[in-house]
Amino acid sequence: MTNDSARMRKVLTFTRRSNRMTACQKRDYQHLASRWIIPYQNTVFDYAAVFCSPAAPSAPAGAFPAPQGKTDAVAPACAPAPLVVEIGFGMGSATAAIAARNPHLSYLGIEVYRAGIGRLLRKIEAERLHNLRIIEHDALDVLRTMIAPQTLAGLHIFFPDPWPKTRHHKRRLLYRPRTDLLARALAPGGYLYAVTDWAEYARRAQEELARTPSLTWAPQGARPWRPATEFERKAQTQGRAIHELFFIKA
C-alpha cells in the first residue's frame, strides 16, 4: 500500500449525519433489517448465494401486504446475476425503481444514513424486491474487503457529497486513489455511472476518472433508465444543472 493510499483510508468521504428516524422508519428497520441487510464482514461475501436464496421472513404478519400481482413467494432458483452496487443511495427511491425494472440483475445499496435505510427497507419489502439488498457501512471498506476484484457489472454514484471547500477535496469519493479502488471492483466491460449537480466537482471527477487505469469515458448524456432522485429534483428546482459521467472498464 502506498502512503497516499494509507492516508486515504483514514479520511471519510461522507458526513456523519444524525441517525434520527421517524417512528415508521424505526419500525421498518427493526423488523426488516435481518431480512434485507447483509452484515458487514472482513472477507469476500458470496453474493450469488445471497441473491439466489429466499430472504427469511421477519416482518409481522400482515404488516407489509403484497402489492397486486406479487406474492411473498421465495426467490426463484437462479444462476448468479450480474451485480450492480450503488454507493450512497440516500432515501432509496431511485434505487428501488431501478431494481424493480431490472429483475434479471442483482443490486446492492451501500449507505450509512439510517433514515434512508429504513425507508428503502420498506420499499424492498412492500414491492418484494428480492434482487436488492443493503449493506450499512462505509462503502470503501465494503469494496476493499467484501467485493472481489473484477466482480461488478456496474457502480452507481448518484449525487455524492461534493465537498466544495478546497481543503476538503481530498474527502471526495471520485478522487484518486479512491477511483482506483472503484475500478478494481468492476468486471471488464462494467460501468461506473456518476451524477452530480456541482459543476466543478463534475469537471474534476472526470479528470480523476480519466486518469484511472482501465477506465474509458463514454459520454452519452443522461441514461434514460435512471430515474430522478429526490435530491436531483430539488437541484433542478433551484436551477442547478445536472452533470452525468459514464466510464467503462476495459
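Using N, Cα and C of the backbone, Cβ positions are placed for all residues, glycine too.
Owing to the predicted nature of the structure, the values given are computational and were not obtained by experimental measurement.
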Which of GLU111, GLU125, GLU127 shares the S-adenosyl-L-methionine site with GLU86, ASP138, ASP161 per Swiss-Prot? GLU111
What three-state class does DSSP give ASP197 (substrate binding site)? coil
Can you tell me the CA-to-CA distance separating GLU230 (substrate binding site) and ASP161 (active site), as a whole number of Å? 15
ASP138 (S-adenosyl-L-methionine binding site) and GLU232 (substrate binding site), distance between Cα atoms, whole Å: 23
Taking the Cα atoms as reference points, how far is ASP138 (S-adenosyl-L-methionine binding site) from ASP161 (active site) in Å? 14
Just report the maximum Cα pair distance in Å for the recorded substrate binders LYS165, ASP197, THR229, GLU230, PHE231, GLU232, no decimals. 24
According to DSSP, folded down to helix, strand and coil, what is GLU86 (S-adenosyl-L-methionine binding site)? strand
